[in-house]
Amino acid sequence: MACLEGKFKEEQDACTLDGTVDLHGRPAIRAKSGRWVAGTIILLNQGLATLAFFGVGVNLVLFLTRVIGENNADAANSVSKWTGTVYIFSLVGAFLSDSYWGRYKTCAIFQGIFVIGLISLSLSSYLFLLKPGGCGDGKTPCGAHSSMEMGLFYLSIYLVALGNGGYQPTIVSFGADQFDEENPKEGLSKVSFFSYFYLALNLGSLFSNTILGYFEDEGMWALGFWVSAGSAFAALVLFLVGTPRYRHCKPSGNPLSRFCQVLVAAIKKWRFELPPNANLYSVDGKESSTNGNRRILHTHGFKFLDRAALISSRDFDDKNQGIHNPWTLCPVTQVEEVKCILRLLPIWLCTIIYSVVFTQMASLFVEQGAVMKTTVSGFRIPPASMSSFDILSVAVFIFLYRRILDPLVGRIKKSDAKGFTELQRMGVGLVIAVIAMVSAGIVECYRLKYARKDCPHCDGSSSLSIFWQIPQYAFIGASEVFMYVGQLEFFNAQTPDGLKSFGSALCMTSMSLGNYVSSLLVSIVMKISTEDHMPGWIPGNLNKGQLDRFFFLLAGLTTIDLVVYIGCAKWYKCIKLEGKFEERDEADDDFKV
């Protein structure tokens, strides 16, 4: 069955309208593909893969200190760099997905690499690193490691980084592909999918942060890593089982060459005068889009790029002869692709500081919790497991937002539109992130106040309960619902059809740069604060440090970032796609803060 012009209406209604195809390259039949059957498989896959990833990531800082032998500052930096690398690899996965492989093939290949990395990590830890047996529990030190053992360890964790990084931006775009936004009902389901996707991500990490976190904190690292490997393998099998049901978007070719063509063509015509109603090159039919993707309508920003689509006499002659040089003349849709990315960059840059705040959960929050009172009735609470309160907060606030807050704001606005726009939600996320850092700083002030006075040089020891960390984890979780879910929706909606994985990768790359900025910030703070033989803000013994000042510094930086973000959001203009967005010109204002 094919959705071609001239066919009966019922046949057209049976096919998707967004250009997606089935496994064999034929137009996807709505009733037999995609929707919540495929979406649910992808959500389960995401939950299992996240369990596997956080089974390594959530306690990596403790593994580095207890097993590898790094100090607190070095371990925090190592985790930030590794996590950052995970998200840098997301650009690799997005490029291959959008350009050549397609999303399905990219997901399958990188999940395979992910499984190999986890198996290698499990073997290297069991055979080489955890010697003598039972070490790594915080009491029994592990022995020295050879260069070969350390090389195998780092190879393993960076294979995990490559596999998970390449898979993550592609799977969220692939999941969104299962819903046709040109269909009103499926369009609403697509918006819901992003919230459920982030919820699945957090529920998958809940098991890692609690059960696996407990076993790893007790020194059973090999068991935790093997469970992660098994979960990743199950995720891969489940993903492959859903193959007949998936909808696919065809890869659209190398976007870098398309971007370069626009820039070169615009530069070549920089002397040309661009009249108000210029005759810009626009094509119809198959030539109008890349592999069936929808055309992007012309906008008035970045007018210097419009010269790339300006038809000169020579271009017109060549065009009539069927000759078209893409380096001198580009279609409007191709020019608008470049404009879309340029408009996204300021918003994207403003999300990096938030990721600096977010990454503290996996590093300094854990180190802060490790020097608080962690026992309740003789039971020791692993510091990393406190992030389960972040996960619970995410689940609660997703429900509150979708069921209560969003409808309430929509009624207050007295319009048929949704409540908060994506940009507004991201702004709210920044506000809550400031509150989270202030909360963490206040807790650290009180932790130092109740530190053991009889042993100022001891490595643990504050009588303040670790449960005082709950507010800062809960605030981070609430901010994620507004910031990261908003980001996923925003970058997916505001990128062209052929660059959806790139849009998801932008979200993940902001996390990556946030981790690197966090590492740089810790290094700068330690260099400045350790002058004159001072212990510094984040020393090995936090009882001698001033970690609260670092948290307050992050609160200040996030406040400045919020001010800049509001200005960028007010300037932003949304993409206009042929079809859905062509009839929604008034929606431009919905993206304002």
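Each residue's number is its place along the chain shown, starting with 1.
Yeah, the Cβs are placed from backbone N, Cα and C, and that goes for glycine too.
Just so you know, TrEMBL annotations are computer predictions that nobody has curated.
According to TrEMBL, the feature transmembrane segment maps to 36-64, 84-101, 108-130, 150-172, 193-215, 221-241, 344-366, 386-405, 426-446, 466-485, 506-530, 550-572.
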Let me check one thing: do the transmembrane segment (386-405) and the transmembrane segment (466-485) come into contact, meaning three or more Cβ pairs under 8 Å with sequence separation of at least 6?
yes
Check for me, if you would, whether the transmembrane segment (344-366) reaches the transmembrane segment (84-101) - at least 3 Cβ pairs under 8 Å, residues 6 or more apart in sequence.
no
Test of understanding: applying the rule of at least three C-beta pairs under 8 Å (pairs 6 or more apart in sequence), is the transmembrane segment (550-572) touching the transmembrane segment (426-446)?
yes
Residue numbers, six or more beyond the limits of the transmembrane segment (550-572), whose CB comes under 8 Å of its CB atoms
343, 346-347, 350, 353-354, 356-357, 360, 364, 423-424, 426-427, 430-431, 433-434, 437-438, 440-441, 444, 521-522, 525, 537-538, 591-593
Of the listed stretches 36-64, 150-172, 193-215, 466-485, 506-530, the one with the highest count of C-beta pairs below 8 angstroms to the transmembrane segment (221-241) is 36-64
Does the transmembrane segment (36-64) come close to the transmembrane segment (108-130), meaning at least 3 CB pairs under 8 Å for residues 6 or more apart?
yes
For the transmembrane segment (193-215) against the transmembrane segment (506-530), do we get 3 or more Cβ-Cβ pairs below 8 Å once near-sequence pairs (under 6 apart) are dropped?
no
Would the transmembrane segment (36-64) count as touching the transmembrane segment (150-172), if touching means at least three Cβ pairs under 8 Å and pairs must be 6 or more apart in sequence?
yes
Does the transmembrane segment (150-172) come near the transmembrane segment (84-101), with 3+ Cβ pairs under 8 Å (pairs 6 or more apart)?
yes
Grab the same-chain neighbours of the transmembrane segment (506-530) for me: Cβ-Cβ under 8 Å, and only residues 6 or more beyond its ends, written as numbers and ranges.
73, 76-77, 80-81, 83-88, 90-91, 165, 168-169, 344, 348, 351-360, 363, 484, 487-488, 491, 495, 536-538, 546, 550, 553
